[in-house]
There are 2 protein chains.
Amino acid sequence: MLKKNIYLGLIGFGNIGTGVVKLLKENAEILEQRLGTKIILKKIVDINIEAPRMVAVDPQLLSTDVNEILNDPEIDIVIELVGGYDPALRFLTDALKKGKHVVTANKALLATYGNELFQLAAKQQRNICFEASVGGTIPIIKTIREGLVANRIKSVLGIMNGTSNYILTKMTEEKEDFETVLKEAQKLGFAEADPTFDIEGIDTAHKLALVLTLAYGKRVPLKELYREGISGISQQDVEFAGELGYHIKLLAIARQHDELIEARIHPTMVPFHHLLANVNGNYNAFHIIGDASDSVFLSGQGAGMMPTASAVISDVIDISRDILKGTSWRIPARSFQEDVIQDINLMPIENIITHYYFRFSALDHPGVLSKIAGILAEENISIATVIQKGRKKGQAVPIVMTTHKSQEKNVRQALEKIDRLDIVQGHTVLIRIEDDRLP
Amino acid sequence: MLKKNIYLGLIGFGNIGTGVVKLLKENAEILEQRLGTKIILKKIVDINIEAPRMVAVDPQLLSTDVNEILNDPEIDIVIELVGGYDPALRFLTDALKKGKHVVTANKALLATYGNELFQLAAKQQRNICFEASVGGTIPIIKTIREGLVANRIKSVLGIMNGTSNYILTKMTEEKEDFETVLKEAQKLGFAEADPTFDIEGIDTAHKLALVLTLAYGKRVPLKELYREGISGISQQDVEFAGELGYHIKLLAIARQHDELIEARIHPTMVPFHHLLANVNGNYNAFHIIGDASDSVFLSGQGAGMMPTASAVISDVIDISRDILKGTSWRIPARSFQEDVIQDINLMPIENIITHYYFRFSALDHPGVLSKIAGILAEENISIATVIQKGRKKGQAVPIVMTTHKSQEKNVRQALEKIDRLDIVQGHTVLIRIEDDRLP
């Protein structure tokens, strides 16, 4: 049986784009054996087609004019790897309007303009695929949307940013300060010159927004996601965490409570025995609990040329299979039918209930501990453990406490009172804990 | 737009069947929101329809006559949860011949008669889905076939049998003997009265055969898979493993070497730091390395009513999406197009190269160690570590050694010579090690 070849247009010939071209070339045979037809990369567009790349390409394929892709009726699938908002949004919009399927790794764009793009794709009945946008090579989109389709998703906990995880891992393993490790990571190319997106949890927020959409079928206003980065994590807290049996990870947390959804991003203490605590370096990971599946855990490379290209091409093959069967929009992009997608109803951060770690900087006076404990008790916060070390009469020493389950509102009120005490110096450090062994 | 409902017939109303009925009922709303149409369970067939179940069912749905499903033209998808070879094979064959799509969790059947079934399904262009047959709730079939479609699979290491993993975990945590733990597991319902299938690696072999087929597009003769179970693992070896920094796991190992594929199932020492070493209790897990993706790790419940039902229904939804779009056989069941499927070319076990753990039972005489070491050297086996403990002059004491990478053929020859020495008692214990930190 003769089958139509599949024609691709690639916009953006940077690091990931190079990986896509390399992989299409190197694994062409196995891709054809699996798909049953050839995939032909017909055009590559980039603003710079002169720069040397790690893969040899017929110069005829290269162009600086995106219209050579958008206006070519033979091209079935457009891969957008430009990044950023503009002109990426324009390219994707135009491609969909011209009846092309699209693949993108652009989480920032989808988290911000996803609603418009998904609606347009639905209207056009064209696939918009984005497996590479969350968790790199890990098939997390496919797992939530297809593998766990029969489940109500009770929770998703994820390490969604490789740079932050690399920094926290190095701080733990090499007992170095945040600033030292960050500089090293920048030198090695694991962190950007301006690392804000990664270390302040902005990149994680983009990914969490997409995960929330897929898990619950909701529109997520990015700005309303509670977010703390890792720049405030000190070596001292990493060490105290270790003493308490925890590693600190930048977690994205999503949890369903009836109509409300809890969603937050912050440094989190995770018990040593938990699989997420053992995800190191620039790896990403997801721990999903479905009402039927129970725990499902996935980890893998969250970034990198070839791992990300692997995810991009898995999308290309999914779409190609639709094309070969004369169909499309087989799975709704947001996991739920478009007509049931609603605005998310986020739980206010003050209402969350979890375990806490506090590090107070207190003068070593008699009665300090009882004062702090008294204020915590007033706010219904019950203490699980206390570590007090290195007494230096009249000087500030760290007092570390962990709590049983407490409400964020009460915690904030208590810390405000405690921070006003004369015997307490500076701001108390607060790190949330995920530990289901504790009451 | 009015869409056709999807009609199911369920054959086998046991534990998993009950889970499927429960899940279809409990999550009907969310399934409809995702799929866009209703799924209607039209008929349930079992030889015993009188027994009480954990889910209430309209008695009209129940029948003992499988033809009420097979001959009902309205039924689109047949779910086979009977288990065993006969009549399950007949049911699946008949269903496919009558143009129905099928879903099964029957790994024994697929590993044995898969070739015929997959060819029939291809001929009929009907989907045969089996996500629940390997790794329970873990979307491992989907991950190999779709998520990692762009990769040459370099290796898959898996914990594919929950019962064995439960027993090995208990032996490690509670320092109990195999027999004691097995009896306990039987009492708790975690092991069958006849546990052979689970503890001797037969169930794991069924699953490895399916994984090999999907990863490499090969027909796998079940009997040629090298297989050792866990019944020979002693508490002493679990403890020595711990001292060396390893946990013992029953691993299924698949690895590609050009044209040859290495495939084996046996107890394996895995370093503490490896994610597989931390998969405990009745959990399953898979560590896949693709040439582009690099490491991808998945874990979750490998069995159980609701986790398995979650996988079964994910298949039902996949098929329903095809039906609603008027298509089928969108993805070839064996991951590769039928016309490229070949017989597997297995590497003989004698040719594998790995690390080894030996426990010799040697009389405490001067020169014992040098004799053993001499024989190993003759066979080109280089020793990595030695543990010798508890000297009792003239009595047998354990001597433990681990090796650098060695060839199985040489190892077998060396052990044959060593076991013939007067100073060595009984058979030397051999456990293979997966540790890529060692040369």
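Backbone N, Cα and C atoms are what each Cβ position is placed from, and that goes for glycine too.
As recorded in TrEMBL:
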| type | residues | note |
| --- | --- | --- |
| ACT_SITE | A:Lys207 | active site, proton donor |
| BINDING | A:Ile11, A:Gly12, A:Phe13, A:Gly14, A:Asn15, A:Ile16, A:Gly17, A:Thr18 | NADP(+) binding site |
| BINDING | A:Lys107 | NADPH binding site |
| BINDING | A:Glu192 | L-homoserine binding site |
| DOMAIN | A:357-432 | domain 'ACT' |
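Overlay of TrEMBL feature records on the structure.
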residue	record	Cβ within 10 Å
A:Ile11	NADP(+) binding site	24
A:Gly12	NADP(+) binding site	25
A:Phe13	NADP(+) binding site	24
A:Gly14	NADP(+) binding site	15
A:Ile16	NADP(+) binding site	25
A:Gly17	NADP(+) binding site	26
A:Thr18	NADP(+) binding site	21
A:Lys107	NADPH binding site	23
A:Glu192	L-homoserine binding site	13
A:Lys207	active site, proton donor	25
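Sequence-distant contacts of A:Asn15 (NADP(+) binding site), defined by Cβ-Cβ distance under 8 angstroms and a gap of at least six in the same chain, are A:Met305.
Remark: secondary structure over the domain 'ACT' (A:357-432) totals 23 helix, 28 strand, 25 coil, with classes taken from DSSP.
Each residue in A:Leu10, A:Gly19, A:Val20, A:Asp46, A:Leu81, A:Val82 lies on the same chain as A:Ile11, A:Gly12, A:Phe13, A:Gly14, A:Asn15, A:Ile16, A:Gly17, A:Thr18 and has a C-beta within 8 Å of the C-beta centroid of that NADP(+) site, without being one of the site residues.
Mean model confidence of the domain 'ACT' (A:357-432) amounts to 93 (pLDDT, 0 to 100 scale).
The two recorded residues, A:Ile16 (NADP(+) binding site) and A:Glu192 (L-homoserine binding site), have Cα atoms 16 Å apart. Among the recorded positions listed (A:Thr18, A:Glu192, A:Lys207), A:Lys207 has its Cα nearest to the Cα of the residue listed as 'NADPH binding site'.
According to DSSP, A:Phe13 (NADP(+) binding site) is assigned to coil rather than to any helix or strand.
For A:Glu192 (L-homoserine binding site) paired with A:Gly14 (NADP(+) binding site), the C-alpha to C-alpha distance reads 16 Å.
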